[in-house]
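J.: Before anything else, here's the structure in question.
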Amino acid sequence: MKKLWHALVSLFCRPAAKIGLGILVTVGFIAGVLSWQGFTSVMGVTNSEEFCVGCHTMQANLHELKDTVHWSNRSGVRAKCADCHVPHDFTDKMARKMKASVEVWSHITGEISTPEKFEENRLRLAQNEWARFRANGSKECRSCHDYKSMDFEKMRETSREAMRGAAQRNQSCLDCHKGIAHHKPATGNSRNPAFDGLMQAASSVSAKEGAVYYNVFPRTLYLDEALSQTAGKLEIAAAVKVLQEKGDAQQVEISAWRKSKGFGRVWYGHFGKNITQATLEKNVAQDAQRIKVTESREDPNTGLVWQKTSGVFWIKKGEVVEKIDPLWSVARDSYKSSCSVCHKQPDEAHFDANTWPGLFGGMVGFTSMDKDTQALVLKYLQSNSSDFKQAGH
Amino acid sequence: MPRKNPMCMAEWKKLLVLSFVLLPILLVGVVALYGFAVWGLQLLFLGPPGP
């Protein structure tokens, strides 16, 4: 160790006795030029598309890009992997390059070594990228797309106002434009953590017989107290009347409306309003012994006859809460945060219960709500729509 | 005559090793260290880089 140190000291500090200063500097200069050139070349190579898709894992990602406007378009400007995914400033770029050691590591260890394994991790990886873009205001996008250079008049009418607002707020592109270059991760199977709180609350509820409770999560309905024969599905936020409890099971009565046309499998909470409460199996829905019809009425808007129905089913104990408010509060938070990212969300009572599903269905694809949250938010919007807020208008 | 000088040969060797091997390695090493340091700081204190 000491020997090495001495060798280094003499290498750097002992003056050259035989070689001229000019030659030393010249050789050093040439070596410097070559090293720097080599360094930037390596930076360039590791930023190239060929390098990025060099491992088998990334090839599917390139394939996804090929279907988008960032791959080919009428003006021939295109984005390569590094244009979006590697910061352009020196410091951040170096940090990112070193961070890529994690990617190399997970490739070597096999944690993410195939397109299939990538797919399993897509949501997490996308969230990393989304967080990065959120923090830097989508800086990489904006090295090409600059608000200052946008001609809003040339935009489609539908885009114009949204883009003007975004420019005023200096908004990060990815706030709205997620999933434009690669497939958006499927969020359908992930879970909104807010449901955990609701389910915990539900598990400690001791139900009183004869009182009305609200379902906190989509549940299976059963025909028997042993919970062995499936009757259908109880929707989120559906109201049930608890009749009795036996062991782990609860007997509940559901009162709802159904359309007389078809098999009457779908039950709705209110007359003439498409707010689903439960979906029954075909044979159960047709079972006149089990399902009581107490009233028939024609909906003047559609000419369809609706029937007031009720049925008694079993559910697992500990799945309902006394008040609907905590559910609505989860829904309201989700509605506000998800929708206001891109536009001012309309008032709940701005539309009626039968208009909301179409509007909501058209927009929800832009959000990252999982499917249960989607169902809950739609239920919330419908249940607080203009149909139920007449007094306010 | 100076070409045969062993001291001269040793100096040329040192010069070439220093400028074409040692210092380029040092360059890569220093930049890598810098990158890791910034990354570490981002993880611990700075958070992801801003706009």
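Placed from the backbone N, Cα and C atoms, the Cβ positions cover glycine too.
According to TrEMBL, the record shows the following:
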| type | residues | note |
| --- | --- | --- |
| BINDING | A:Cys52, A:Cys55, A:His56 | heme 1 binding site |
| BINDING | A:Cys81, A:Cys84, A:His85 | heme 2 binding site |
| BINDING | A:Cys141, A:Cys144, A:His145 | heme 3 binding site |
| BINDING | A:Cys173, A:Cys176, A:His177 | heme 4 binding site |
| BINDING | A:Cys339, A:Cys342, A:His343 | heme 5 binding site |
| DOMAIN | A:160-262 | domain 'Cytochrome c' |
| TRANSMEM | A:21-39 | transmembrane segment |
J.: Long-range neighbours only, meaning 6 or more apart in sequence with Cβ under 8 Å: which ones does A:Cys173 (heme 4 binding site) have?
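T.: Sequence-distant Cβ neighbours: A:Phe133, A:Ser138, A:Cys141, A:Arg142, A:His145.
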J.: So of all those binding-site residues, A:Cys55, A:Cys144, A:His177, A:Cys342, which one's Cα sits nearest to A:Cys84 (heme 2 binding site)?
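T.: Closest recorded candidate to A:Cys84 (heme 2 binding site) by Cα: A:Cys144.
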J.: Given the binding-site residues A:Cys144, A:Cys176, A:His177, find the one whose Cα is closest in space to the Cα of A:Cys339 (heme 5 binding site).
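T.: Nearest by Cα distance to A:Cys339 (heme 5 binding site): A:Cys176.
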J.: Limited to the domain 'Cytochrome c' (A:160-262), I'd like the whole-number average of pLDDT.
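T.: Averaged over the domain 'Cytochrome c' (A:160-262), per-residue pLDDT gives 87.
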J.: Work out how many Å separate A:Cys342 (heme 5 binding site) and A:Cys81 (heme 2 binding site) at their Cα atoms, rounded off.
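T.: Rounded to the nearest whole number, the Cα-Cα distance is 26 Å.
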J.: In which DSSP state, out of helix, strand and coil, do we find A:Cys84 (heme 2 binding site)?
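T.: In the DSSP reduction, A:Cys84 (heme 2 binding site) maps to helix.
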J.: For A:Cys81 (heme 2 binding site) and A:His177 (heme 4 binding site), determine the Cα separation and express it in whole Å.
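T.: Each residue's Cα considered, A:Cys81 (heme 2 binding site) and A:His177 (heme 4 binding site) end up 17 Å apart.
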J.: Take the mean position of the Cβ atoms of A:Cys339, A:Cys342, A:His343, the recorded heme 5 site. Which other residues of that chain put their Cβ within 8 Å of it?
T.: A:Cys176, A:Ser338, A:Ser340, A:Val341, A:Lys344, A:Gln345, A:Met363, A:Phe366
J.: Please classify the secondary structure at A:Cys342 (heme 5 binding site) using three-state DSSP.
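T.: In the DSSP reduction, A:Cys342 (heme 5 binding site) maps to coil.
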J.: Compute the mean position of the Cβ atoms of A:Cys52, A:Cys55, A:His56, which form the recorded heme 1 site, and then list in sequence order the other residues of that chain whose Cβ is within 8 Å of it.
T.: A:Val53, A:Gly54, A:Thr57, A:Met58, A:Gln59, A:His107
J.: Quick check: of the binding-site residues listed here (A:His85, A:Cys144, A:Cys176, A:His177, A:His343), which one has the Cα closest to that of A:Cys52 (heme 1 binding site)?
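T.: Its closest listed neighbour, by Cα, is A:His85.
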J.: Round to the nearest Å and give the CA-to-CA distance linking A:His343 (heme 5 binding site) with A:His177 (heme 4 binding site).
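T.: So the Cα of A:His177 (heme 4 binding site) lies 13 Å away from that of A:His343 (heme 5 binding site).
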J.: Beyond A:Cys173, A:Cys176, A:His177, what residues of that chain have CB atoms within 8 A of the centre of the heme 4 site's CB atoms?
T.: A:Ser138, A:Cys141, A:Ala166, A:Gln171, A:Ser172, A:Leu174, A:Asp175, A:Lys178, A:Ile180
